[in-house]
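S.K.: Can you read through this structure? Questions will come right after.
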Ligand SMILES: O=P(O)(O)OC[C@H]1O[C@H](OP(=O)(O)OP(=O)(O)O)[C@H](O)[C@@H]1O
Ligand SMILES: NC(=O)CC[C@H](N)C(=O)O
Ligand SMILES: [Mg+2]
């Protein structure tokens, strides 16, 4: 689940990079592996800084000062296709036609056939294993087909319509054409979010595209509107054009955005994430009450698993008239563990991140509330921590139903066997994570919790719960291939072998590398100090 960003300032002499960087830090919860910004300055020149790392580390003051121009595109990455190589950090760039920069959230499910098309028909070289580089080149190929010396909005709509006919999967994208403007589009099912807002200035209007509305709130933009499924929106300094260019398909935003991914203070597709999580807590309270009564178990205290579950846990506690205590204190400097690469790192960081306060657990029957149980890494660790500090019974309640199916649309859950609920019922899951009892939200209750705030949405992508994939094109053969490429144990093997094979490992040096990190206080307008697109890996 990455974060994407586009910004066009009405005054081209004001640099967009500082605000893009600020915006990316607000989207950091969507991707912690890599980040980047490309801006477009005078004469349509692009300036880039991207690398593996968090926003605050990669996009420091010096780097930002060298990103010239009043429009730009940004990205925070959570790798869900290809590798974690710094060459796959986004935005991606291709010089022909016109000069295009591209940022993508989601996953394509037909990368192998698109790769074949690129090679055999479009004659475009793809230099990484990223599906986003493929998607950029598909966009470029479709723009090329217009055959125009100078392109206009209609040509761009035609090109994006062509792209949408040619690829399948989840994609919310922001692109930038050199000297022209910024563009956003969303796949025909609208699986991944992206919206837009504007801001009045003394001279005209600034425009923003972002994965989540929180960015608009924080940067003083208003009039947030979602880009619609299958829609493309083009913003130039002369205004906004939007058009539905994709096939008409079922609108199915991913329900997991509401369960876990998005910030609670965002509103996605007209639904407040915060309110939907409150409703999840209310609904789960009824289920928990029922199960506890059936089993004759009493609970002394409700404790959330920070951070995401807090909103739901508080409502659940209030509904059940039980005390709510913050029994786990989070180290605020450790990021989200679920989106960290590799099981070892995730496990280690749950321990680093959370500390159990003995006073709140000792001698009590505690009800831990989490938003979801995926691999069970978090639950397993925190249940042990709760028991270590003297909890009598540990009951776990999950705001999401059991997750038994792979995600193919941009969450890194490729392998069913890594999921703790795969092939297990609730009792077996409880045993696997060391809980005395586990209670799951039902799927109808989860859907109702979210949908009540926008009943015009009839379907959500719930594939991780149901194994039904709204785009089609996902069968057993596909899932087996995905597992063989991306399961944790496979990725570990590839990382170990990468020095010999130079295939996917983090040590391989691709084409698109981080700009020099050089102590330099010089001017940013001279050729020596500005940062173009193709930089060397040079840290001094
Ligand atoms: O069963 P698992 O595989 O452990 O995955 C589920 C857990 O991971 C996430 O927490 P994370 O720490 O990533 O983020 P948060 O701080 O926003 O809760 C999520 O909120 C669950 O707690
Ligand atoms: N989670 C995402 O949106 C990732 C985008 C893209 N598939 C990548 O892996 O870089
Ligand atoms: Mg969590």
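From the backbone N, Cα and C atoms, a Cβ is placed for every residue, glycine too.
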S.K.: In TrEMBL, the residues 370, 371 are said to bind Mg(2+). Which of 298, 308, 417, 442 is said to bind at that same site?
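M.R.: According to TrEMBL, the candidate sharing the Mg(2+) site with 370, 371 is 308.
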S.K.: Taking the Cβ of residue 370 (Mg(2+) binding site) as centre, how many other Cβ atoms lie within 10 Å?
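M.R.: Its Cβ has 22 other Cβ atoms within 10 Å.
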S.K.: 2, 308, 370, 371: which of these recorded positions put a Cβ within less than 6 Å of any ligand 2 atom?
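M.R.: Correct list: 2.
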S.K.: Other residues near the Mg(2+) site, CB within 8 A of the CB centroid of 308, 370, 371?
M.R.: 259, 260, 304, 305, 307, 309, 312, 369, 372, 398, 399
S.K.: Round to a whole number and give the Cα-to-Cα distance in Å for the pair residue 2 (active site, nucleophile) and residue 308 (Mg(2+) binding site).
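M.R.: Spelling it out, the Cα of residue 2 (active site, nucleophile) and the Cα of residue 308 (Mg(2+) binding site) are 17 Å apart.
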S.K.: Around the C-beta of residue 371 (Mg(2+) binding site), how many further C-beta atoms are within 10 angstroms, looking at every protein chain?
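M.R.: The answer is 28.
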S.K.: Taking the Cβ of residue 308 (Mg(2+) binding site) as reference, which residues of that chain separated by at least 6 in sequence fall under 8 Å from it?
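M.R.: Residues satisfying the criterion: 260, 264, 277, 370, 371.
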